[in-house]
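Down below is the structure, laid out as structure tokens.
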Amino acid sequence: MIMILYWSLPLILFILGLFCFVSNRKHLLSMLLNLEFIVLMLFFMLFIYLNMLNYESYFSMMFLTFSVCEGALGLSILVSMIRTHGNDYFQSFSIM
């Protein structure tokens, strides 16, 4: 019963983060914030899983390192898009 309580909150928050990511596609910044929320919930689930198995937390530190790199890459794309187009709307961004 206790395991269900440990897994239910991050799973519900992960699903809500995915729903917000899919439904909100207007601004790049809001999509990046939703992606960071999803990554944090994945980290929380990984942390719970590793603690249940009594493993070390080295893999979770590697996961955090890659998530920081993903966040920095997203922010650099946001800055370059604002510099070239003036805003972060996806409707004003054209590939052609």
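Glycine is no exception: its Cβ is also placed from the backbone N, Cα and C atoms.
Annotated transmembrane segment per TrEMBL: 6-24 (among others), in sequence order. Within the chain, the transmembrane segment (6-24) has long-range Cβ neighbours (under 8 A, six or more residues past its boundaries) at 30-31, 34-35, 37-38, 41-42, 44-45, 48, 52.
Feature annotation from TrEMBL assigns transmembrane segment to 31-52 (among others). Counting only same-chain residues 6+ beyond the ends of the transmembrane segment (31-52), those with a CB under 8 A from a CB of the stretch are 3, 6-7, 10-11, 13-14, 17-18, 20-21, 24-25, 59-60, 63-64, 67, 70-71, 74-75, 78.
Sequence annotations record features per position, and here TrEMBL assigns transmembrane segment to 58-82 (among others).
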